[in-house]
Amino acid sequence: MSLKLFAILFLVFVVGSFARSKSERDYRKCVPGKHFNDGCNYCSCSKEGYMSCTMMACLQYDEETNSYIPNKSSPAPDDFWA
């Protein structure tokens, strides 16, 4: 019984891993050749009109908490979108 439960949970996990929510990148087309920096990562628009960005983990040191926190990224400028 526990093996069946494990198999079912594993399959749910695998399917969930491949599912992704629709984001602005999925709904909107960008102007081919345009690019921008979001404050950390470089984003560009392919000739097909799809956005792609580097995925660097950009951290900023917070002296109050004595820890590193993720940088806030800037959205694409309005003229980036078609």
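Using N, Cα and C of the backbone, Cβ positions are placed for all residues, glycine too.
The signal peptide annotation in TrEMBL covers 1-19. The domain 'Pacifastin' annotation in TrEMBL covers 27-61. Taken from TrEMBL, the feature disulfide bond applies to C30-C45, C40-C58, C43-C53.
Structural mapping of features recorded in TrEMBL.
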| residue | record | Cβ neighbours (10 Å) |
| --- | --- | --- |
| C30 | disulfide bond | 24 |
| C40 | disulfide bond | 18 |
| C43 | disulfide bond | 19 |
| C45 | disulfide bond | 21 |
| C53 | disulfide bond | 17 |
| C58 | disulfide bond | 15 |
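Here the candidates are the disulfide-bonded residues C30, C43, C45. The one whose C-alpha lies nearest to that of C58 (disulfide bond) is C43.
The domain 'Pacifastin' (27-61): residue composition by secondary structure is 1 helix, 14 strand, 20 coil, according to DSSP. For the pair C40 (disulfide bond) and C30 (disulfide bond), the Cα-Cα distance reads 20 Å.
Straight-line distance linking the Cα atoms of C53 (disulfide bond) and C45 (disulfide bond), rounded to a whole number, equals 9 Å. Note on the domain 'Pacifastin' (27-61): mean pLDDT across this stretch is 94.
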